[in-house]
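Feature annotations, courtesy of TrEMBL:
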| type | residues | note |
| --- | --- | --- |
| DOMAIN | 1-247 | domain 'Kinesin motor' |
| BINDING | G23, A24, T25, G26, T27, G28, K29, T30 | ATP binding site |
Amino acid sequence: EKVVSLLVPESTEKYQSAAISYGATGTGKTFWQQRLQKAVGAELLKSLPENGDPDGPGVLQVSMVEVLESCSDLLAPPSSNPAVILQEGSGSLYDCLPFYKVRTVLELEAQLSQANQARHTDTTEKSPLSSRTHLVCIMRTDHLQVTLVDLAGSERASDRREHTGKQLAEAKAINWSLACLHECVRHVADGSSHVPLRRTPLTRLLECVLTKSLSQQIVWIAHVHPCSRQLGHSLHTFSHAGEIVKAGLAQQRRNMPWQKVQPKMWTKEQLSTWVAESFPAMPPDTFSWADGATFGREWEMDLVKRAELAGASKEDATAAYEAFHARAQAG
């Protein structure tokens, strides 16, 4: 209930949210996501006007696709071609997705059942119904959009001992797409100006989630196995959880004014704003090359010399150095 309340707020303003389940094979990701799909869909249906036009814009629209090396529509009629064609260098993958209108809970459950049954699974050493693709479910109304993601489980070499050739190829594609997703998370955490989103269909599809705005709520759900024999997998999952928390905190800090952030965690923009407000006589681009961490590591003499080359006075540069470190020590 808590997750659903985060994903579907009572506000009538435009809002986007997402819940992403990740972890090793056999840790309950699909079971959890299927329950979440029903609960979120029911809440979205309740949020619609009771007497709305059933064919108008005020209805629930659902898209469910499985993603690996290609993207397939799981709600397409059996007689049609389910593949969503992906062209290298094409525009937003989200714009290519088909959406289907849902008017009642019964219709919703039928759609969810069809999609989850159509998803590609196979029997492996770890699970009799191992998901061999990632599943992305998007539900939207006029003002709300919820993205639910069931990531296929990561597999180690020991998990693939009994795999067929086809399963080995799938495992390789799964691990590669997960590695690309984790790399995107690390880039976000580091505040990189470039996030490599176009490497896989999965990261292309999750672009709006990974580069979220203030009007979004993202819930990452780490799944681990209670068995001690799965400790290696669990530690791997927790390490990614730490990176995700770091990325979330980094995004929050970037959207805060510099006064509310520790100096050594300032972005380049926050540092430049502090300099402009605290030392108006200095050229605005004096320290444009540095963020808080870089500024804090510089020796005073080196920093002053670089500032003088940018047109600042030695006195102002020295004062900025001292003020920065005084603020950092004060906490």
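Cβ atoms are placed via backbone N, Cα and C, with glycine included.
Automatic, uncurated: that is what TrEMBL annotation is.
Remember, it's a predicted structure, so these values are computed and weren't measured experimentally.
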Cβ neighbour count (within 10 Å, all chains shown) around T27 (ATP binding site): 23
Proximal but sequence-remote residues of the same chain as G23 (ATP binding site) (Cβ under 8 Å, at least 6 apart): K29, L151, G153, S154, A222, H223, V224, H233, T237
Listed binding-site residues (G26, G28), ranked by Cβ neighbours within 10 Å, top entry: G26
